[in-house]
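*Asks:* According to TrEMBL, the record shows the following:
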type	residues	note
BINDING	14-42, D68, K162	NADP(+) binding site
BINDING	S145	substrate binding site
ACT_SITE	Y158	active site, proton acceptor
Amino acid sequence: TSSGHSEKLVLVTGCSSGIGLAVAARLAKDELRRFKVVATMRDLGKRGPLEKAAGDSLNKTLEIKQLDACCEASIKECVNSLPDRCVDVLVNNAGVGMIGPLECQSIAAMQELFDTNFFGLVRLLKELLPDMKRRQSGHIVVMSSVMGLQGLLFNDVYSASKFAVEGFCESLAVQAMKFNIKTTLVEPGPVVTEFERKVYEDAEKMDLSGTDEETAKIFREVYLPYSKKVFISLGQTPEEVAEQTVKVITAKEPPLRHQTNRLYMPMTALKHADPTGRLPLDTFYKMIFKHDVVFNATLGVLRILQRKAEKK
């Protein structure tokens, strides 16, 4: 395009489906043509849905490249292929999920999850940060989760990985600021994607013989049905999250944290309201184990609020 350097190069990871795909396609189709998108994925064999979503923008404002966040050589190769190795905005989105009782999960699977969710981000920043510092510009946008603010039953390891990401970014943001580099953690609540569907599908087939009967029952009969209800009533689409991610990228003063789902804010607010941690603990406990009626009513009220918010 004739606009020269006014276009920002945005590198997005984990673009084969879900939020990554939606963010890449949305940025590439920006009416003001502010972005050149490099949409990456570990397995280029899965590029079909993204190509379809990108439509006319494919090979114009959107280019698809291979990048495995778990492999330093793969990251280097991808970044080296970019003009002047220049990345204006990183959208770190590649991630894996895991739910279930702790006793049923292998340490190896947990380490794999951390290798993508946490170390994947670390590897990308080790590669990109020195250049951003030299240029004294850049924006690091990280797909975190409300579970990086508030742990959730049976999401112990996933939540831990998001807490790791949050602590890492919070620390790094101060240093980055000195070099005029912005940092934003985007924190969606439940998002209805293939990623989530797969996590739940696996959960329903999960071998629970490693745990006791009561825990297995809580997981199957309380947690899974609850989660389904939460997703149906509070779930956002990847497109909604993408829309808010674009707002964050284009903001003059982007926030360090942005929760995409306003309905989740009371949950995360509980934590700050009581430094002893009793309030959120009791609230979640009662919601899950004591008051089915309260839980369903709460979801009902939140659903009405959401519809009102959507009409505005």
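Any Cβ shown, glycine's included, is placed from N, Cα and C.
Automatic prediction, not curation, is the source of TrEMBL annotations.
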*Asks:* Determine the minimum-neighbour residue: among R26, R34, R42, listed as binding-site residues, which Cβ has the fewest other Cβ atoms within 10 angstroms?
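*Replies:* It is R34 that, of the binding-site residues R26, R34, R42, has the fewest other Cβ atoms within 10 Å.
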*Asks:* To see if you understand the setup: which same-chain residues, six or more apart in sequence, place their Cβ under 8 Å from that of Y158 (active site, proton acceptor)?
*Replies:* G97, M98, I99, L113, N117, S145, M147
*Asks:* Under 8 Å Cβ to Cβ from V38 (NADP(+) binding site), same chain, six or more residues apart: give me those in sequence order, or none if nothing qualifies.
*Replies:* L9, V10, L11, V12, E63, K65, C78, L82, V87
